[in-house]
Amino acid sequence: METPPLPPACTKQGHQKPLDSKDDNTEKHCPVTVNPWHMKKAFKVMNELRSQNLLCDVTIVAEDMEISAHRVVLAACSPYFHAMFTGEMSESRAKRVRIKEVDGWTLRMLIDYVYTAEIQVTEENVQVLLPAAGLLQLQDVKKTCCEFLESQLHPVNCLGIRAFADMHACTDLLNKANTYAEQHFADVVLSEEFLNLGIEQVCSLISSDKLTISSEEKVFEAVIAWVNHDKDVRQEFMARLMEHVRLPLLPREYLVQRVEEEALVKNSSACKDYLIEAMKYHLLPTEQRILMKSVRTRLRTPMNLPKLMVVVGGQAPKAIRSVECYDFKEERWHQVAELPSRRCRAGMVYMAGLVFAVGGFNGSLRVRTVDSYDPVKDQWTSVANMRDRRSTLGAAVLNGLLYAVGGFDGSTGLSSVEAYNIKSNEWFHVAPMNTRRSSVGVGVVGGLLYAVGGYDGASRQCLSTVECYNATTNEWTYIAEMSTRRSGAGVGVLNNLLYAVGGHDGPLVRKSVEVYDPTTNAWRQVADMNMCRRNAGVCAVNGLLYVVGGDDGSCNLASVEYYNPTTDKWTVVSSCMSTGRSYAGVTVIDKPL
């Protein structure tokens, strides 16, 4: 029996029409076949024709570079060329078209992109590639350049990228660079780019409510540094700049000891008026301060950047290279690039977007080497060595300089102190402390550097004494002693208060904690930690004080706990480090974007 013919696939059963039917309803039921490789294959062939100079109908000239191409391809991909070749301009008929605004190599890259959809953006070419892509209206290339620049944002270049984005109408990149500068203000102001800004740009930056700063003193010191960079020209702008510094939010001691003594303030009657306003604010009862409304009494409201706690090296039980980070948001630890060499008992700071591991012990020698870690590149680099070998030292940042305080050189405890200038990559000595201090803890409050406790090898005693350094006078001064001797205490700063955590006095390892208030020059006890710790790392983040690792007198600890000053309680973090470590360097950084 013969099989009956099947009805056409595109028609309804019982209502067949001839193939040349004009009924549009038939087409609605026909599947459309799309070949995803067709366009790619076509452009590949067109590019091969171009490379052989076949069917080319125009030569694009830039400088001494001549590039053969097809008008229809250029017009299809670039609105710039579309307008050129379809309009009434003479170029629409010309065999050779010269483009003066773009260099030859850049133009070749962009025409290659038109045919291949491939382009490589690098640090070397992005500044010429982006404006050229803008000229040719190749928006995808321009977007790729902007994304590349966004990935390169760093405290040393974000202001330059912001200016570049503004010049070339890259609105999204401009906003992201501006936000980055606000979020990394404390490091940005240490850069050459900041010092070279114009007055309008400085005012715009420091007036932002979104600045992420630990204290308003960062803004004041930035203003002084900017003016002093070209003092003869810029000192006339002091009053205008100080209008945006929120002096009432600074501690009274800082106003008296630093702001009032600054020559640039003394020489300006308007600046003195702002200082008087700030002092009046401090004299008012708390309930009346809210009535004194001005832009300078308004708290800044920064966007909180995600934070990471970085734990570098340490003793586990020997000196190690391992570096791990704790993500506060994800509540987990992860490993990052190891130190170039083993290091424990080092000083640790975060400055200018970099983590610095200063001095320490490599398992056999006390060292004076310094390594810096770039979180964006996940890479360690060596910088200038200190002048002296130091382990169990304290390290802190004051007025843009990294200070290495005291320590042990292998034979004796040290009272000497040296400072590192990141711009010149040089170390220099400053005034020594009054007492030799190894296993010393340090912190900065109100523009002063504090050295807390430690061990004096001369007297062979753990210390309860504390002294502070004034960089303006280059002098160390004793302040109130702690209630107990502490060597190897963790020291941290939270809410303009100085905390001394744990430590030991001889064989006795402590869990007690005391806090110093510079306004009263007095120490007071707060809640004990959950466990005894000495040689632990301390850092403050999000209103909490974290204590990391250390040892309890018998073993190294992998645990972490934090102190909440509101509740006066310590809480153990559920996630521990991968290994117990004491004498590790600890600091908090902004999570790389």
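Glycine residues also receive a Cβ, built from the backbone N, Cα and C atoms like all the rest.
Residues annotated as compositional bias 'Basic and acidic residues' in Swiss-Prot: 17-28.
Annotation source Swiss-Prot lists domain 'BTB' at 56-123, citing sequence analysis. For the domain 'BTB' (56-123), residue counts in helix, strand and coil come to 31 helix, 13 strand, 24 coil, using DSSP.
Under the heading region 'Disordered', Swiss-Prot lists 1-28.
As annotated by Swiss-Prot, repeat 'Kelch 1' applies to 308-353. The average pLDDT computed for the repeat 'Kelch 1' (308-353) is 96.
Helix, strand and coil content of the repeat 'Kelch 2' (354-400), in residues and according to DSSP, is 0 helix, 28 strand, 19 coil. Residues or ranges marked as repeat 'Kelch 2' by Swiss-Prot: 354-400.
Annotation source Swiss-Prot lists repeat 'Kelch 3' at 402-447.
Feature annotation from Swiss-Prot assigns repeat 'Kelch 4' to 449-496.
Swiss-Prot lists 497-543 with the feature repeat 'Kelch 5'.
Residues or ranges marked as repeat 'Kelch 6' by Swiss-Prot: 545-591.
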Segment proximity, the repeat 'Kelch 1' (308-353) to the repeat 'Kelch 6' (545-591), 3 or more C-beta pairs under 8 Å:
yes
How do the residues of the repeat 'Kelch 6' (545-591) split into helix, strand and coil according to DSSP?
0 helix, 22 strand, 25 coil
Any contact between the repeat 'Kelch 1' (308-353) and the repeat 'Kelch 4' (449-496), i.e. 3 or more CB pairs below 8 Å with pairs at least 6 residues apart?
no
